[in-house]
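Structure first, commentary second.
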Amino acid sequence: MTLSGQTMPLEARKCQSLTGRVRVPGDKSISHRALILGALAVGETRISGLLEGEDVLNTAKAMQALGAKVERRTDDNGGIAWSVRGVGTGGFATPEAPLDFGNSGTGCRLVMGAVAGCPIRAAFDGDGSLRSRPMRRILDPLELMGARVISQSDGGRLPLTLEGARDPLPIVYRTPVASAQIKSAVLLAGLSAPGVTTVIEREASRDHTELMLKHFGADIVSVAEGAHGRKISLTGQPELHGAGVTVPADPSSAAFPIVAALITEGSDIVLDDVMTNPLRTGLFVTLREMGASIEESETRLDAGEPMAQLRVKASRLRGIEVPAERAPSMIDEYLVLAVAAAFAEGTTVMRGLRELRVKESDRLEAAAAMLRAGGVAVEIAGDDLIVEGRGRVPGGGLVTTHMDHRIAMSALVMGCASDAPVKVDDIAFIATSFPDFVPMMQRLGANFA
């Protein structure tokens, strides 16, 4: 739905093949963190490849409201870079108005952590979707560190007002679920605390915050904890220094053209500079297990993050079982994986998807509804999603997006190879993470109308 209140429907029709070379937008997780740490650093941070979607732009506005200077610059060759002049650790100022994060749970929760370590008061708000999402798991550890929730909606939901700690306490905190957002909020609050703040995870979540904190000069150590977990220790009150950041292409965004190419006969595409951090590439591992042709080349590192060029060719996929412990490394990709499973031969079982129920929508139910709209046999058993692949998808249905960008893009990918067109009721929210999705897919050969 647009700002004027009008919906933006779109139909995807079967296309001949997808071919070409593109770079999907910059990684959303890295973009948020680069802006926030740049704002907490001393000096200038220059960011190239920043995702200029609504979610990230709302974080940039929040950093300005908290006292940092944020500018978008264009060089003589037309290249775009963002400049952030920070206020130093603990230096945020009280904002004059509520911080509005729109649809972005990541931006909102990370900034809550940063504010919790500063002696200020800030109000947090968002759109209807974000207001429905739980914040209590973020607020609980922040209150242990000395922050106070002054006002909140039912169950710790937005809108709420948070008062940061004047003297933040370092804590040892065991996350109740594998969540990079909980971990990151605690670490960002811990920047202002004397001593060592420690986060212990039973299942390792994405480690972008740890890598970027180190890039900005923080003293942070991460070691294995148990079979699959991590123990992260941050020494507080560092002086972070502005740094250069090149944002790699977002693997969660790359997932859509990748799956579209795999299921569309004759396709052969190349994606440049895609992040290949092993804590984010569960989808690539899973698709390869299903028989996908995904080749990596030109690998390199920037700010501790690995990236590579990916070549993807149409492939015959087969159904597999996806273990629950893989969920943290691909939590945002299950919707489009469900599309791949629908085009595979055989049954695909995706285990342990409870966290999908508290995303922008109940993505577990939404995934099943999307596939049923396309004529696919699908079942939810507890927290598991079971897809009966037949090698083809009839299509012909209407998919309701529930204001969720990933439902919209996944449904359009399904329509690229289904027998009959697939219609999406509203694509407006795609702009939160992948503003150029439709024209980029059309350049590759997608048939959207």
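The backbone N, Cα and C atoms fix where each Cβ goes, glycine too.
Fair warning: this is a prediction, and the values are worked out from it, not measured in the lab.
According to Swiss-Prot, Lys28, Ser29, Arg33, Ser179, Gln181, Asp332 bind 3-phosphoshikimate; the candidate from Lys61, Lys313, Lys359 that the record adds to this site is Lys359.
Per Cα geometry, Gly105 is the residue among the binding-site residues Gly105, Arg133, Arg363, Arg406 nearest to Gln181 (3-phosphoshikimate binding site).
The sparsest Cβ neighbourhood within 10 Å, among the listed binding-site residues (Lys28, Arg33, Lys359, Arg363), is found at Lys359. Counting Cβ atoms from all protein chains shown, Arg133 (phosphoenolpyruvate binding site) has 18 others lying within 10 Å of its own Cβ.
Per Cα geometry, Asp332 is the residue among the binding-site residues Lys28, Arg33, Ser179, Asp332 nearest to Arg406 (phosphoenolpyruvate binding site). In the shown protein chains, 22 other C-beta atoms lie within 10 A of the C-beta of Asp332 (3-phosphoshikimate binding site).
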